[in-house]
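Feature annotation from Swiss-Prot assigns transmembrane segment to 28-48, 59-79, 103-123, 125-145, 154-174, 190-210, 224-244; the stated evidence is sequence analysis.
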Amino acid sequence: MNAKLSSSGMVLKELPEVALQKISSNYYWAVFAVFLLCAIVFPLVSIFSLPQKQTYHRFFSILSLVSCLAYFTMACNYGLKNVFSSASFFREVSVRMVYYVRYIQWLINFPLIIVMLHWTVGVSILEIAYVVCYVLFAIVCLLAAALTSSPYKWAYYGFSFVGYFIALAHSVVLHKKYASRLETSARLGFLWSIVYLHVIWFLYYACWILSEGLNVISPIGEAIFYSILDLFEFGFFGAAFSWMLDLVGIENFKSPQSIPLGACSPADDKFSMCPDMEAQNQADDLAVETRIQISNLPSSPTKNNC
């Protein structure tokens, strides 16, 4: 009997504290309400917005709806798994609740944001897919790290950070390739969006170290940290990006792909190198000179028909 009680006591000692789990659940309900409001507001705004901006509001409504579903699941204490932690800094609790539904939310939302941002400046589909693949790779590796109880979790964490860094580097390259042809205000707006996205994303890695990684912060601390990042990344960012489009002017985000094949971009002036345009101009000049020469030729005498 005593052995059973001692064994059950050991199990209870290893499980997360019920009080903290209840507090974090209540907090998840509050964040769920915020995302639910965003999921309702963005579609309504898209109805009364310009046709050019309706697509963006639909993107933001999808982000809010996915986040709303994820936080509803976490508030109901579903979509989680208890994982033994090799490092315990919080009240000697060596079992950590890992909400894998949170990573499913990121697997959907982060690629959507990447597609929306790069589609705005006319990045090609293949280059967008290249960035999205590294984003998915980073999130899957981070999920594998969270579900791993051995020190090998840090290897998965390193792989995830490498994927994040490659996605960041490629976004910078795409900014120089595509956004450099835009007007100054549009170029700065796109750069601000990329910096905002990746700075918040970097904070996710810091939060992961403190929660799933080293088990430093409590479940309620993890809930607050992650929810603030989610609100800024998937909620506030939509309103800020929409305001930026109104401030800069969506017409200033000219897509390089909308330029006919063989033509130069509007940013190319007459002193820039544009072989196709130069060849077309030379052909037009040659045609004009030919018509002038033909018109200056003496007319041949006509024969009188008797």
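Every residue, even glycine, has its Cβ placed from backbone N, Cα and C.
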Same-chain residues at least 6 beyond the ends of the transmembrane segment (190-210) with CB under 8 Å of its CB atoms are 106, 110, 113-114, 117, 120-121, 142, 145-146, 157, 160-161, 164, 168, 171-172, 175, 179, 182, 216-217, 221-222, 225-226, 229, 232-233, 237, 240-241, 244, 253
In the same chain, which residue numbers or ranges, 6 or more beyond the ends of the transmembrane segment (154-174), come under 8 angstroms Cβ to Cβ?
114, 118, 121, 123, 127, 130-131, 134-135, 137-142, 144-145, 148, 194, 198, 201-202, 205, 208-209, 213
